[in-house]
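Here's the structure, in structure tokens; my notes come after.
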Amino acid sequence: MANITPRENGKLQTPLRGVGDDPDQVYNLGFSILLVVGVLIILGRNLWTSGMGTIEQADTRSLQQDEDEAVPSGQDAVEPVAPVPNGGLQAWLSVLAGFCVFVNSWGLLASYGAFQEYYLTVLLTSQSPSSISWVGSVQATLIVMVGVVTGPLVDSGYLRVLITIGMILVVFGIMMTSLATQYYQILLAQGFCVGIGGGIAYIPAMVVISSNFTTKRPIAIGCAAIGSSVGSVVFPIMFRQLQPRIGFPWTVRSIGFINLSLAILAVLILCRRPGKKTRARSMIEWRAFTDLPFMLFSTSLTCVMLAYYIPLFYVPSYARTQLHTTRSLSFYMVAIINGASAFGRVVPYFLSAYIPPIAILCLGVAGSALAMFTWIAATNLPGFIVWACYWGFLSGVLVTAPTAIIGHPALCPDPNYLGTRMGMMWGISSFGSLVGTPIAGALVDLSVADFLKAQVFAGCLMVGGVMLQLWPVLVVMKHDRRIDK
């Protein structure tokens with residue numbers, strides 16, 4: 001007892017250093033993570049094996065029928081196409097699974113503003129805002145860029161294995177983040193591992209939902225996307241409330257256990273659906289690069305993604321340095337924005353019977369450009385809270401609409417390539433997610449609370465996004481008018 005100094009007591013009470021100094025804690029946590037990953041791998045393997053057996057039996061029966069039934073000469077064989085259900089129990093279960101995937105991907109990503117504020121002020125004080133922004137930017141980029149690979153794999157029938165691997169990586173990355181004490185560890189765990197995992201699972205979940213709905217597709221995807229808002233509201237509040245009490249490591253692990261529960265639910269639901277086995281093909285549909293409406297639409301999303309994460313990542317720092325709020329309130333600003341986004345993910349699409357979803361998106365981007373410029377005038381707390389609700393609503397439109405729109409025949413003429421085009425669309429836009437916030441970090445000067453350059457930068461990008469979307473909007477509306485006739 002006499003050998004324990006006050007300094008040692010202080011050290012034992014510091015959660016960040018205590019985890020690294022206690023081998024038993026590290027061993028127990030590592031063993032727990034290994035056990036969890038093993039269970040998920042076994043579960044996914046069993047589901048995958050049973051599913052592949054079903055597919056092989058179906059293929060065998062199909063080949064036998066093809067051999068027995070010869071097509072008369074001079075007649076074309078017509079392959080029956082199963083109608084899209086546009087609802088039903090299985091379809092809405094896929095929405096529930098998509099909700100879980102959104103919580104574990106976009107929900108974690110949209111919560112990064114709370115993590116960044118903690119890294120800037122406590123854990124990584126020697127790093128610049130631009131450097132710390134790279135963690136969130138890498139995560140954001142990988143969530144959408146990995147779709148370039150996973151989209152074609154979904155089209156080729158590898159749904160089960162993608163969902164399982166993606167969810168395993170998300171949980172593993174969050175658990176490893178809880179052990180991180182240095183910048184490179186945070187970047188590898190939270191940036192790369194969580195980002196890759198979310199990207200592997202995200203596109204397959206959205207393809208399943210899109211293939212189960214037609215006219216209800218925007219509302220279905222909007223309901224699934226509410227998971228992003230739920231996660232991005234709950235996780236920052238959890239982080240703020242638990243971190244002072246139990247420390248950074250166990251706070252992040254608590255978030256990880258929620259991710260684990262949702263991952264298991266998503267795997268159980270989506271792995272019941274057999275993948276559609278098709279012939280192998282290129283991961284890129286090269287014809288899409290000559291499709292002007294598709295390319296303009298994808299490029300417009302690059303501009304939008306360049307600006308989209310700037311408020312999400314820098315709102316806490318803005319509230320603390322410019323408005324002089326408490327650290328606690330600055331964390332809650334992220335939750336306010338993300339809570340308002342829940343309405344933007346669903347409410348506008350109840351009008352989709354009267355207004356094309358792509359027109360709703362274009363109006364949302366125009367409103368977002370206005371939001372970026374009016375951010376400059378939000379110099380008091382009440383006005384800033386009103387602005388946060390306004391921007392939060394619009395941000396929900398921006399993240400949900402593209403996935404609902406890409407299935408339109410004017411942007412994806414062949415439904416068999418839906419996953420491929422969705423992956424290409426997000427892959428093109430991912431370059432905006434990668435560099436947007438680091439550029440903003442270089443434009444921000446926290447020492448004098450100067451955010452003006454970053455605000456103008458974000459506003460101009462949103463204006464560019466609106467201009468690029470005008471032609472795709474006209475093409476889609478012209479196509480719809482021709483069909484109605």
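From the backbone N, Cα and C atoms, a Cβ is placed for every residue, glycine too.
Residues annotated as transmembrane segment in TrEMBL: 26-43, 91-112, 132-154, 161-180, 186-207, 219-239, 251-271, 330-351, 358-378, 384-411, 423-444, 456-477 (among others).
Just going by CB pairs under 8 A, the stretch in 161-180, 251-271, 330-351, 423-444, 456-477 that sits most against the transmembrane segment (219-239) is 330-351. Cβ atoms under 8 Å from those of the transmembrane segment (456-477) belong to residues 292-294, 296-297, 299-301, 303-304, 306-307, 310-311, 356, 358-359, 361-362, 365-366, 368-369, 371-373, 375-376, 405, 408, 410-411, 432, 436, 439-440, 443 of the same chain, restricted to positions at least 6 beyond its ends. The stretch in 91-112, 186-207, 384-411 that contributes the largest number of Cβ pairs under 8 Å to the transmembrane segment (251-271) is 91-112.
The stretch from 91-112, 161-180, 186-207, 384-411 that makes the most Cβ contacts under 8 Å with the transmembrane segment (132-154) is 186-207.
For the transmembrane segment (330-351), the list of distant contacts is 110-111, 113-114, 117, 218-219, 222-223, 225-226, 228-230, 232-233, 236-237, 239-240, 311-312, 315-317, 319-320, 357, 360, 364, 384-385, 388-397, 399-400, 404: same-chain residues at least six beyond its ends, Cβ to Cβ under 8 Å.
The stretch in closest packing with the transmembrane segment (161-180), judged by the count of Cβ pairs under 8 Å and taken from 91-112, 358-378, 423-444, is 91-112. With a threshold of 8 Å between CB atoms, the same-chain residues lying at least 6 positions outside the transmembrane segment (358-378) that come near it are 297, 300, 304, 307, 310-311, 344, 348-349, 351-352, 384, 386-387, 390-391, 394-395, 397-398, 401-402, 405, 408, 451-452, 455-456, 458-459, 462-463, 465-466, 469-470, 472-473, 476-477.
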